[in-house]
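Presented below is the structure to which this report refers.
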Amino acid sequence: MRRCCQGVGLPCLFKGVGMANPRPPRYLLVFDFDETIVDENTDDSIVRAAPGQALPESLRQSLHQGSYNEYMQRVLAFMGDQGVTMGDFKAVYESIPLSPGMPDLFQFLSKNHELFEVILISDANMFGIEAKLRAAGVHSLFRKIFSNPASFDKRGYLTLGPYHSHKCLDCPANMCKRKILTEYLAERAQEEVEFERVFYVGDGANDFCPSVALTSSDVAFPRKGYPMHRMAQEMEKKQPGAFQAVVVPWESAAEVARYLQELLKKKC
């Protein structure tokens, strides 16, 4: 796993002769967004801003025409045609409830921010994520947010694009979270920041892909009963030991906070 001298002795605090260097974070905590940080799928939530809070049947039936990202581009174009504005979208995103216990986890991370580097990897969109995190007062907790680009064009329509391209056969064409996480760890290692452990908090099938890349030093926190949890269980049945990370299912994110708190106590 990603080992370094962080936190194991006085020499780690110095670089050169007599030059104090801030101690880097020891742990990386990765969040998903939909049905993890927030308690809904935001792509479904934004329909509340549409007239009648519903989509035409013909549009809903086009879900399997092309990628899901392309489907959402059509949904947003329809909503723009219906006069849905930036303010309308923002109001919906801001009103989406956080998942149970998530405020407790954010409070814990805020108190221990020097130990945890926090990032977010989501197949939602950047506009909605940032609107919600700012409304919840937790945007500053995140060092980096990876999501599909979204912006308002000259017509005032919310437009959506794919995040990147990749060769993973298990992920949607617009995003492989494993690729993002692997590249992020490599980038941070080049910057001389390596983590003792990686923690991954998610719920969906696209969170399972990066969690398979975790090692036995790391912890996967799948939301109990959701696809990520079921897929980890299925892998363990079919290939015992293939899923290396410790698996800690959660119903309330307060359980994640308690687990991390206990880990810190053992380190003291």
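Don't overthink the numbers, they just go from 1 along the chain as shown.
Each residue, glycine too, has its Cβ placed from N, Cα and C.
Predicted automatically and left uncurated, TrEMBL annotations should be read as such.
Here Asp32 (Mg(2+) binding site) comes close to Leu120, Ile121, Ser122, Val201, Gly202, Asp203, Gly204, Asp207: these same-chain residues lie at least six apart in sequence, with C-beta atoms under 8 angstroms from its C-beta. Feature annotation from TrEMBL assigns Mg(2+) binding site to Asp32, Asp34, Asp203.
Feature annotation from TrEMBL assigns active site, nucleophile to Asp32.
TrEMBL lists Asp34 with the feature active site, proton donor.
Under the heading substrate binding site, TrEMBL lists Asp43, Asp123. Within the same chain, the residues at least 6 positions away from Asp123 (substrate binding site) whose Cβ sits under 8 Å from its Cβ are Asp34, Asn69, Ser147, Asn148, Tyr163, Pro172, Asn174, Met175, Lys177, Asn206, listed in sequence order.
Same-chain residues with CB within 8 A of the center of the Asp32, Asp34, Asp203 CB atoms, the Mg(2+) site residues themselves not counted, are Phe33, Glu35, Thr36, Ile37, Ser122, Gly202, Gly204, Asp207, Arg223, Tyr226. Comparing the binding-site residues Asp34, Asp43, Asp203 on other C-beta atoms within 10 angstroms of each C-beta gives the minimum for Asp43.
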